[in-house]
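Peer 1: Have a look at this one before I ask anything.
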Amino acid sequence: MRQRLRSWFQTLFKRYGNAENRKGSKDQEQSRPAPLQQIPAATAMSATRMPAPRLPAAPAPGSADTETSASTDNTTVHLPAAPATDSADTETPADADDTTVSLPVRLWDRAYNDLKREEAELVDAYEKILSRQLQDSPGSAVPESQPNTIAQNNSDRRRQMTQLINAGLAKTEREVKVKEGLSTAVDVVLSARDIINSAIQAVPQAALAWTGICIVLEMFVNPITATEENRKGIDYVVKRMNWYWNLSNILLKDPTAHNGELSGVRGELEIHIVNLYKALLSYQIKSVYSFYRNRGLVLLRDIVKLDDWNADLGAIQDAEKCFRDDTQTYTAQQVTSHLEQLVSYAMSEKDQKCLEHLRLTDPRDDKVRIEQTKGGLLQDSYRWVLNNADFQQWRNDLQHRLLWIKGDPGKGKTMLLCGIINELDRGNARHCNVAYFFCQATDSRINNATAVLRGLIYLLIEQQPSILSYVRKEYDCAGENLFKDANTWVALSRIFTNILRDPSLRTTYLVIDALDECVTTDLPQLLDLIAQQSSSGSRVKWIVSSRNWPQIEERLEKAADKVKVSLELNAESVAAAVNAFILQKVDDLAGLKKYDPRTKKTVQDYLCSNAQDTFLWVALVCQALEKVQKGFTLKKLRMFPSGLDALYARMREDMSQFDESDLCKHILAIVTIVRRPISLEELTTLADELDDTCDDFESLETIIGLCGSFLTLRERTIYFVHQLAKDFLLGNASDKASNQASQETFKWIFPKGKEDVNYTIFSRSLDAMSTTLRRDIYSLSAPGFPRDKVEVPDPDPLATVRYSCVYWVDHLCDLVSGTNTKRYNLLWAEEVVHTFLETKYLYWLETLSLLQAMPAGIVAIRKLEGLLGGNNQSQLSKLVWDAYRFALSYKSIIEQAPLQAYISALVFAPSGSLIKRNFKAEEPEWIQTKLAVELDWNACLQTLEGHSGYVASVAFSPDGQRLASGSDDNTIKIWDLASGSCLQTLEGHSGYIASVAFSPDGQRLASGSYDKMIKIWDPALGSCLQTLEGHSGYVASVAFSPNGQRLASGSWDSTIKIWDLASGSCLQTLKGHSSSVASVAFSPNGQRLTSGSWDKTIKIWDLASGSCLQILKGYSYSVASVAFSPDGQRLASGSWDNTIKIWDPASGSCLQTIPNSTKMTDISFDPTNRYLRTNVGGIKIDIETTESQVVLENPESYGYSLGQDKSWITYNGQNVLWLPPNYRPSEYDVQGRMISIGTISGLVWFISFS
């Protein structure tokens, strides 16, 4: 129903939107703009229900209230006159910054600045005239040497213009009084004076638009100085100035907060308004110059021809016509949009659920918390940036869409952004979106790239709910996992990009604070996204802040038209802001502690002298002074050294004097080592010295308070006050001069090294889990109870062990890797890990599912396996391996329904599984028939599901840890072979992926597609680094050169191209094949290239000259694969004629022919040169032979591979594992003892052998 109504309204307004304007006389057409909107009678009732735009009537000669009407089917709608200025429509006061001025003011400023760039000499002459008037009085002569003193920033220039208008109006009024009643020209002056007076009183910032008019009014009092055409033009301009001012304000105002959905058309309309304003300003400026020149008051050289006033007036009327045309489109779509809103958007229950799952945090709450934590937001601490030239450039220039605010730690970047956000919100609340996010390294919820996108998208939806549809499109398929699985970044990046491209998106400001506090693994992909998105789309502007990190600058350099504000380069402004902050903090302290004037002044002077322009230092000192008795204030004050690190050292010394210093030290050690902020409940589990106070949370909070210079407590979770505090405790002081104090602090907290603390966390975690974990800990009861329906009980039985369940293995790894510990023997001697896995493993898997941490659990078990160092004979090693296979095999179902760990997983696990045997008592009694299952785990480690089409190409990364798969669903997937998670889905091709290849260092991936393009990807970030275009046919094969600097591609257009990957340019195009090129390969030294083609030949190319060195013939069918030997002395090729040939590439002679019973589509040499790896398995060859055309009738196979019909996996030519039909490969890759297989159904799976 909703869709039908929307469609009906769209059809209706498309029909009427371009209706003809009401016919009128030619004089009426010229005297006012054409009607702007026509609404049919059939929709009049609907139109009255919506907040339609109020359009002011254009003035007509001789009439103050001329109506504008629009007629369709004899129905007339009268547009109301421009509204009087009232409380609802009053503009921003004169002393406001550009972030709060009205839309018309900003548009006039933009028009003036554009005109100044386009007609620099004319505007400079005009400003010199204005400068002379500011210096003397209106009407003073202007010499050639007159300097231009008009301000270059908008706010100061407005103040100067206001001064000029006031002086000009006073002079005009005196002259009019002398000549009042003498001519109709004087009546025009009086009328114009009243208009200007009214406009300036209502909107003081309007002075820029009216200054020229005010000056040229004198020509009406002194008519001899102007031509009749010029006076008529000025009369025309005066009559339109006020009307167009009000029109832009009303037409583009968004009282319902939905107008932004038309911002595509609106953006075009704004451009035409600015062009119109430029024409009006140009006419004014030329008139002023002409008036002064004709009176002999301008001694400047002639700047422009000034006698074609009719043409200049025509330029204004042309701009008006463009404006009218766009206005009709805009207002028609505006009505349609409002009617759609009446029938379309109300959040459904599914919408609310989607938004609930998307919300990781509400950045608005984070902003309030941060401001409160830092002692409140002081306007004087940030307002300087609003007048900063670089900020103004970003704010006012559409081309500059990225602002990077950078500075050292503690300089107030976060509070600066809080202030800017407030100004953007205040100035644009009715027609813009303002979304922001605050990264904090010490809070794992908000210190990663995915969290940033979730926060920004959440706020955008809160302001413009219609864009939720982009999230729902993917959420409806994936559910809550959309925001939690390994593909979350890929999915959210796609959603975010689509939102920013939505033509209905309002003008949007995106703000991200503290990029340097985003985890290092995520930061590059976040920076690349910012650089890419800020370089496209004029309706979205970005502000980001960070420390002065080269790696951030390097990534942001890719952004076009960015602006930087360096706090170090604005030291005076920052110092003034810090001093204002000090005054405020000292006032607060004096009121709280009842300081006398002398004490107050002493504190203030000390802070100002030692702050080193650092907000954080001031905040920490003031926080410490709050706890000092008034009588000891001055003594304590002098103990605070200058500089953050020195201050931290002093506070650590003070802490060591407390009676509770040992507790403080232990808590600081734990909080510094843990991998995320922990709750008070989790702290009691990890800290052995808190056993006596584990239930006394009030005492715990008091102890945390004693660490207040380093730690803070929010909602019973412990955080560092700043990343600098954590760095200092770890011995990594930001100031080299303070590094010794930082190292001493590290030794104080970790007297036995970090390994001792890791041991405490590991051992206490294992004890706590062994005591706490049990079956069905949340009392779900139903075996299939879905995870996404689980509600955490109160109290939460897992509250004390949440951290331990996820991170216990990490602390064991840190313990074992420490150079000073010998506790690694616990893996074999103490049996603690063995006992835990033997008795609690299934309960742990259930808990991981409840905590949504199954992937982390699988990685933990894999790490545990790695710690054992390949000792496969120990009982613990066998148990860990079995636990790993168990978790990997049933990860999917346990994630969906936690209790299936005891049902499906136990029922279908092999009968020989150690986990199955240990937990036999947990098997469901209600299943009477025992199923026949395998005796042991089969070779299939994992089945990777995700492709929706045929898998055409697979490739292992050089380190064997990742797998790439290309499919005819036009995507490439990158898989983590340890956890089975899909790390990235690479989208961008519009055709079947025919070939994928990793670079030699594994840092890049190349893909060739049927869309005739090659793409180079960053497989870690999922971003496309380059798109190489040039082939006119499908790209069938890609290969990196040995040094990774070049790429070869073979295509169905019968050519090979060599690409320079640094520049993306095509270095060579190799021609010579008469049919499609199926395979390409570089020689080991990178100097030659071989290609195999459907024309049944192999060619060897010299890459220095591009010449063909050899043409190898002998096949009766297409050549499918080619490869050089590791030493480059031999070449192997496989063909669809079921043979392999070994060639001498120097002479071109065929040394061996190896017949087979299937097509040879994949060939490579093993490192020894003694075997070939093929799609039918390993084949032993005689690399030493020099005889021509030796035929090996019964080649000896070796290693693991696929049999001839691909139904068996073979070892040394013998069938060892039969594959069911749905597991048989369409493509596969062999790497030693591991085989990856892509199937025709889109399944990717791999197996590993001992």
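Quick reminder: no glycine exception, Cβ is built from N, Cα and C everywhere.
Quick paste from TrEMBL:
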- 19-98: region 'Disordered' (REGION)
- 20-30: compositional bias 'Basic and acidic residues' (COMPBIAS)
- 65-77: compositional bias 'Polar residues' (COMPBIAS)
- 88-98: compositional bias 'Acidic residues' (COMPBIAS)
- 134-154: compositional bias 'Polar residues' (COMPBIAS)
- 134-156: region 'Disordered' (REGION)
- 401-623: domain 'NACHT' (DOMAIN)
- 944-985: repeat 'WD' (REPEAT)
- 986-1027: repeat 'WD' (REPEAT)
- 1028-1069: repeat 'WD' (REPEAT)
- 1070-1111: repeat 'WD' (REPEAT)
- 1112-1153: repeat 'WD' (REPEAT)
Peer 1: Average pLDDT across the repeat 'WD' (944-985)?
Peer 2: 84
Peer 1: Please count the residues of the repeat 'WD' (944-985) that DSSP assigns to helix (H, G, I), strand (E, B) and coil.
Peer 2: 0 helix, 23 strand, 19 coil
Peer 1: When secondary structure is assigned with DSSP, how many helix, strand and coil residues does the repeat 'WD' (1028-1069) contain?
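Peer 2: Each residue of the repeat 'WD' (1028-1069) counted once, the result is 0 helix, 25 strand, 17 coil.
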Peer 1: Looking only at the repeat 'WD' (1070-1111), how are its residues distributed among DSSP helix, strand and coil?
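Peer 2: Final tally across the stretch: 0 helix, 24 strand, 18 coil.
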Peer 1: With DSSP, how much of the region 'Disordered' (134-156) is helix, how much strand and how much coil, in residues?
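Peer 2: Helix (H, G, I), strand (E, B), coil: 5 helix, 1 strand, 17 coil.
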